[in-house]
Amino acid sequence: MKLVISLLCLMLGAAPALAQGQPARGHAAPAAQPAATQPAAAPPPAAAATGGPSNADIAAAVTALRDDAKRAELIRMLEALAAARGQPLPPAAPAAAAPAAAPTPATAAPAAAPAAAPAAAAGTPATPGATVPAEASDPLNFLSARIGEAVNRIIDTIKIAADLPAVLQWFSDALTDDLTRARILGLAWKLLLVFGAGIAAEMLATRLLRRWTERLDAATPPEDVRHAFLRRLPYIAVRLLLDLIPVVAFGVVAKVAISLLPGWPSQRFIMWTVARAYLYARGFMVIVRLVFSPASNHLRLLPCADETAAYATVWLRRIALVIVIAYASSEFALLLGLPRGVQSGLFRTGLLIASIFFVIVVLQNKLGVAQFLAAPNLKPTDHPDRARRLLRLVRDRLADIWHILAILWIVALWGGWALNIDHGFERLLRASFFTLIVLSIAKAMDEGARRLIKRAFRISPDLARRYPGLEARANRYLPALRGTVGGAIALATLIVLLEIWGLGAFSWFGEGKIGSRVLSSVVSVLLTLAVSLTVWEAANSAIQRHLAKLSADAATARSARVRTLLPMLRTAFAVVVLVTAGLTILSEIGVNVAPLLAGAGVIGLAVGFGSQTLVRDVITGIFLLFEDAVAVGDTVTLGGLSGTVEQLSIRSIRLRALDGSIHIVPFSAVTTVTNQTRDYGYAVLDLGVDYGEDVERVSEALKQVSNDLRQDEKFGSFILAPIEIMGVDKLVDAGVILRSRLKTEPAKRWAVLRELNLRVKRYCEERGIGLMVAPKPAAPVQFVMAPNTEADPFKPA
């Protein structure tokens with residue numbers, strides 16, 4: 001039923017068009033117009049022959065005086081003419097002090113007398129200051145003036161309603177007066193003749209065109225063909241022309257009949273006013289039939305169900321009938337002498353009935369439109385972001401209260417018309433129409449921006465393979481970018497809506513205004529953030545590419561360096577971004593940042609002098625990390641302490657010694673780094689053999705053992721090259737030192753060396769190769785002197 005609601009709301013725009021002959025309310029009107037309605041007050045034919053005004057001239061003058069713009073132009077012309085003659089006109093007296101009705105000829109007394117009092121009430125002028133300029137510089141004064149104007153209009157309406165007894169008296173006098181009754185009956189039979197002839201012509205034209213209409217319906221392409229809607233457009237246009245021909249036939253025949261019937265120009269004007277109201281209604285229903293086409297769904301301009309088309313057609317016909325009857329009745333009564341204020345009240349009553357019809361339609365379609373406005377149910381795989389969740393919440397709340405807002409809008413439209421607020425009806429209708437357009441454009445822009453951003457951040461498979469982390473980094477900023485673009489669209493939409501509703505939002509962004517300053521600050525902040533994020537991503541990408549070049553054995557090192565460097569760089573860039581953005585914002589809003597920079601410099605200088613050791617630790621640690629000198633898991637010697645690196649920070653390094661001890665070494669104490677687990681290592685074997693063994697034989701034994709070790713399932717993958725026999729390294733007392741080495745992975749040389757020692761010992765024992773045995777130390781000789789011995793044992797005999 002959403003289609004019905006939309007078109008019913010647009011139907012309100014027909015009221016000003018139907019009331020284009022309505023005079024403006026709130027101005028005093030003549031008490032009666034007998035000259036336009038009574039034969040007794042008409043000028044004799046001799047007057048026209050002697051140069052007096054003709055009936056057509058009188059009718060034209062009356063029509064001009066009823067138009068506010070033409071009447072105001074006539075007053076200005078008369079004032080200028082009086083000033084040119086040297087006799088300026090005195091100031092205009094208040095309308096309330098003016099006589100209720102001007103003296104009229106005796107023949108006009110029956111109709112003029114009862115209308116005097118209501119006319120005086122209807123002519124109550126608005127208070128000074130009620131007219132508000134279209135462009136209000138101060139929103140508060142603008143709103144206050146609007147409220148004052150509305151209160152004055154309400155008072156005028158109450159005064160008009162207070163004259164209801166006089167109106168009833170006018171109707172009583174009109175029905176009891178023979179002359180008035182005769183004029184009404186004469187006008188009635190003429191209207192019957194005009195409408196009879198016009199409707200007969202309309203029916204005849206419809207009958208003659210029926211065959212063409214049936215052929216057109218049969219020839220229209222069905223809905224299941226390709227581009228069915230585009231192919232049906234020519235048929236819909238022809239159907240519109242065929243529907244307009246009977247309406248045109250009615251208008252032509254009615255116009256001819258009115259011109260042929262005898263009567264005064266005022267009577268012809270009344271008949272043409274009623275006929276014109278009928279033409280308005282018929283023309284509007286032709287448009288309704290074009291849009292909905294309840295009888296032929298394949299000629300329907302707006303796609304909807306048959307039930308919806310029939311429902312919309314019925315209600316639009318009712319509303320159009322009420323407005324047309326109200327318009328024709330008010331014009332008819334005014335030309336017969338009904339006071340201007342009461343006549344406008346009659347038309348307002350008709351619009352009130354039409355507004356009640358709109359409220360009924362809203363209430364009947366409350367649930368259907370609420371289901372359309374409510375957010376759809378989420379699928380298990382849907383995970384909306386914060387903006388989407390907020391939009392869903394707004395849609396759900398709007399679905400709950402949309403009928404209340406629609407009713408308030410209808411009441412506001414009727415109130416703007418009934419209270420005769422300065423262009424209130426037109427402004428509200430125009431603002432509502434453009435609001436729908438702006439919201440539709442904003443919705444389309446938001447959807448388009450989301451799709452464009454999604455397409456721009458889409459990473460191709462080839463690019464994802466070349467840069468594995470690129471997609472993750474791009475998706476990291478995707479929600480923020482969507483939120484920023486969505487917020488910008490929402491803010492721009494809000495500003496345009498404020499301008500549409502007359503708050504002058506565009507003037508806030510003039511030169512030197514606060515809006516332009518705020519906008520400039522926001523743009524500067526966004527640019528600063530964009531540049532900072534670009535620098536950060538460039539640095540991060542460079543670090544990732546550098547780490548990707550490391551060998552596979554440095555995977556642990558890469559992880560440690562990433563955990564160490566990236567938080568440090570992220571913190572540094574975050575500080576830069578925050579400081580730059582903060583200083584930019586303060587500078588844009590007019591704060592002098594020079595004292596802040598000076599204070600920050602002084603504080604930085606004091607901190608630098610007080611923390612020289614800390615700064616040295618940090619700088620040394622940064623260079624060690626960048627040079628990849630040490631990584632977690634390495635076996636190193638730093639400052640005379642050896643151990644395995646367990647943790648790295650930008651200030652210190654933690655070592656685990658062989659016996660389990662923890663050494664925490666600050667980087668400022670590191671002068672030399674000995675890393676024993678980089679690239680590769682050598683298991684160095686110093687084998688001692690007996691002097692009597694053949695060195696070549698021992699070398700062959702080492703080669704055999706190393707080859708067997710390389711074939712081992714456990715240790716073979718650790719050995720990178722065959723054993724290298726370096727030769728006799730030393731000659732010692734117990735034997736010969738034969739040195740050899742085996743190239744291994746950096747962290748596996750100790751395990752390989754231990755296994756190599758074991759296998760060499762076993763091999764030598766099996767082959768009888770004599771290994772060097774360390775000489776036993778000589779037994780100490782102890783001389784003991786025997787007690788009480790007189791003879792000297794060492795004395796020669």
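Just so you know, glycine gets a Cβ as well, placed from its N, Cα and C.
Please treat TrEMBL annotations as automatic predictions, because they have not gone through curation.
Residues annotated as compositional bias 'Low complexity' in TrEMBL: 25-40. Sequence annotations record features per position, and here TrEMBL assigns domain 'Mechanosensitive ion channel transmembrane helices 2/3' to 572-612. Marked as domain 'Mechanosensitive ion channel MscS' by TrEMBL: 613-678. The annotation domain 'Mechanosensitive ion channel MscS C-terminal' is assigned in TrEMBL to 684-770. The feature region 'Disordered' is assigned by TrEMBL to 25-53. For 1-19, the entry in TrEMBL reads signal peptide. Residues or ranges marked as transmembrane segment by TrEMBL: 187-205, 236-258, 270-292, 319-339, 345-363, 398-416, 428-445, 485-506, 518-539, 568-587, 593-615.
Proximity of distant same-chain residues to the transmembrane segment (270-292), defined by a Cβ-Cβ separation under 8 Å and at least 6 residues beyond the stretch ends, is recorded for 7, 14, 17-18, 21, 187, 190-191, 194-195, 198, 202, 236, 239-240, 243-244, 247, 250-251, 254-255, 258, 261, 263, 300-302, 304, 308-310, 312-313, 316-317, 320-321, 324-325, 327-328, 331-332, 335-336. When the domain 'Mechanosensitive ion channel MscS' (613-678) is classified with DSSP, helix, strand and coil residues number 17 helix, 25 strand, 24 coil. Within the chain carrying the domain 'Mechanosensitive ion channel transmembrane helices 2/3' (572-612), a Cβ under 8 angstroms from the stretch's Cβ atoms is held by residues 517, 520-521, 524-525, 528-529, 532-533, 535-536, 539, all 6 or more beyond its ends. Mean pLDDT across the domain 'Mechanosensitive ion channel MscS' (613-678) comes to 80 in this model. Secondary structure of the domain 'Mechanosensitive ion channel MscS C-terminal' (684-770) per DSSP, as helix, strand and coil residue counts: 38 helix, 24 strand, 25 coil. Residue counts for the domain 'Mechanosensitive ion channel transmembrane helices 2/3' (572-612) by DSSP state, with H, G and I taken as helix and E and B as strand, are 35 helix, 0 strand, 6 coil.
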